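Engineer: Structure below; questions to follow.
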Amino acid sequence: MVHVTCTTVLLAATCLLLSQDVVTETVTTCEVETIHSLSCDIGVIRVYEALYGRADSVTCGDGRPPGQLADTTCSQDGTVDVLKRRCDGRIVCDVRVSDFGSPDPCTGTYKYLQTKYTCLPAIHQVTCEHSFASLQCDEGNLIFVIGAHYGRHDRTTCISQRPESQIQNIDCSRQQASKVFESCDGKNGCVIKAGNSVFGDPCYGTFKYLEVAYICEKDTGFEVSPDEVEPSVGGADDQTDAIPMSSSSDSLSTSDEPDARATLPTPCDILVSYSTFPGYVSWRDTQSGSWYVETLDRILEENASTDDLVTMLMMLIMGDPSFGSGGSFILTGHLQPGLTKTMVHVTCTTVLLAATCLLLSQDVVTETVTTCEVETIHSLSCDIGVIRVYEALYGRADSVTCGDGRPPGQLADTTCSQDGTVDVLKRRCDGRIVCDVRVSDFGSPDPCTGTYKYLQTKYTCLPAIHQVTCEHSFASLQCDEGNLIFVIGAHYGRHDRTTCISQRPESQIQNIDCSRQQASKVFESCDGKNGCVIKASNSVFGDPCYGTFKYLEVAYICKCG
């Protein structure tokens with residue numbers, strides 16, 4: 001079998017792009033006009049040149065007197081920097097021309113704003129406020145952040161169940177949010193929260209989102225001389241949490257040290273697996289114990305009465321200053337005196353995996369939604385995580401639920417249920433963030449004529465990696481080395497009028513009752529693999545609604561292989 005991951009494809013595409021003449025787009029907006037718009041049908045914006053001023057006497061010259069066109073050496077300093085901050089890494093970027101007129105670089109000259117840019121193949125992610133963005137490259141590749149923006153630029157992104165007042169301000173941005181560069185650039189993977197606590201609040205009262213674009217570049221590595229490095233963590237009594245693969249059963253030999261490996265502990269044994277990872281070694285001090293367990297113990301003690309488990313685990317990677325920037329933790333130390341400095345690396349997927357293991361090893365906290373027969377829509381949703389349906393009933397299991405004002409005869413049959421209800425809910429909703437179903441879809445055939453029925457669903461919000469890929473693009477699912485994909489849900493079609501709508505006519509986004517529920521090709525192509533690439537297209541999934549522009553929605557977790 002030949003297996004090519006999406007990150008590899010993107011890397012190759014980027015190398016090709018950079019190895020030849022870059023095809024650029026040029027947008028020119030005359031001074032009298034208001035908005036300067038850049039956009040990409042495929043890829044993300046990367047600004048190369050920008051001018052506010054005048055470089056010739058022809059551009060934007062129609063109807064202008066010669067005196068307003070004479071100065072062809074006029075330019076506003078810093079224009080390209082502003083455009084790069086505002087637009088790099090975005091798919092659509094609108095800026096006001098008036099933002100560049102102060103101070104006036106050449107009074108009396110009629111100016112224009114001109115930008116040259118390319119559409120760079122990249123991984124593009126949008127993460128709603130309060131959720132976590134996960135950036136990940138294949139093994140041996142490192143993240144190169146093209147752009148990151150925290151705020152709001154439109155009224156269509158991250159609007160589910162939000163009041164109008166929270167989505168009106170679209171001139172809100174923490175341009176090129178530096179925390180993303182600090183936390184993720186040059187790392188194999190990282191996790192960062194889309195929240196005011198991380199980026200500050202650029203617009204109070206507005207519900208924001210984090211927009212990130214990045215590519216994966218090959219890690220060229222580095223060399224360290226043993227004579228030049230002093231151990232910075234640990235001491236002579238330190239022990240390894242993991243058992244190194246060595247020719248000696250007693251210690252790690254010098255010949256083994258450059259490629260030190262550690263065995264992955266039993267899945268869900270988080271006290272060990274959180275502090276170890278294949279290919280690296282971690283330490284346990286004989287007095288104070290594991291650095292990870294020590295910190296985890298403190299966070300549990302301080303927060304267990306007020307926060308849920310997943311939130312506390314995320315504190316380790318997002319909020320604890322001893323771990324530096326989130327996502328990838330780097331420590332230095334030694335196994336024996338004289339050995340080279342060794343790196344400890346715990347990736348975000350490992351943390352999510354262990355969080356999920358913990359979640360599934362205890363009583364699952366479920367939500368229950370009940371919709372009476374007379375009502376139309378049955379709605380499930382998750383603020384954090386994705387929907388995982390456990391139980392569903394269409395019928396009646398007691399005489400109280402949805403019983404107000406009903407005669408006793410309509411409430412008497414408490415053993416009424418429609419076969420297959422849970423299967424329908426799982427197909428339609430598993431792996432989604434918001435799921436609306438019609439109650440009327442469950443009424444044929446009627447499981448109990450004369451009984452007043454209701455639809456009741458029990459579900460949990462499962463921590464997972466959630467991706468949306470617009471039609472004609474490729475979805476990339478990837479786990480860390482040693483972990484395998486477990487697909488929770490996959491849907492191809494359209495469920496709303498806000499997703500994947502850029503530059504699409506109204507006619508292509510009107511049908512929101514369009515779905516290839518639990519698109520089987522995703523399960524066939526990705527389940528049980530370390531990584532996979534699948535195209536969001538009719539040729540793969542069939543066309544559930546002709547003429548509608550669709551998208552592929554996938555949710556998955558990474559399990560110990």
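Using N, Cα and C of the backbone, Cβ positions are placed for all residues, glycine too.
Heads up, here are the entries from TrEMBL:
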- 246-255: compositional bias 'Low complexity' (COMPBIAS)
- 37-120: domain 'SUEL-type lectin' (DOMAIN)
- 127-217: domain 'SUEL-type lectin' (DOMAIN)
- 260-313: domain 'Caspase family p10' (DOMAIN)
- 379-462: domain 'SUEL-type lectin' (DOMAIN)
- 469-559: domain 'SUEL-type lectin' (DOMAIN)
- 226-264: region 'Disordered' (REGION)
- 1-24: signal peptide (SIGNAL)
Engineer: Taking helix as H, G and I and strand as E and B in DSSP, count the residues of the domain 'SUEL-type lectin' (127-217) in helix, strand and coil.
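Structural biologist: The breakdown for the domain 'SUEL-type lectin' (127-217) reads 14 helix, 36 strand, 41 coil.
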Engineer: Can you tell me how the residues of the domain 'SUEL-type lectin' (469-559) break down into helix, strand and coil by DSSP?
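Structural biologist: DSSP composition of the domain 'SUEL-type lectin' (469-559): 14 helix, 36 strand, 41 coil.
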Engineer: Taking helix as H, G and I and strand as E and B in DSSP, count the residues of the domain 'SUEL-type lectin' (379-462) in helix, strand and coil.
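Structural biologist: Its residues fall into 16 helix, 30 strand, 38 coil.
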Engineer: Please work out the helix, strand and coil residue numbers for the domain 'SUEL-type lectin' (37-120) from the DSSP assignment.
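Structural biologist: Helix, strand and coil residues of the domain 'SUEL-type lectin' (37-120) number 16 helix, 30 strand, 38 coil.
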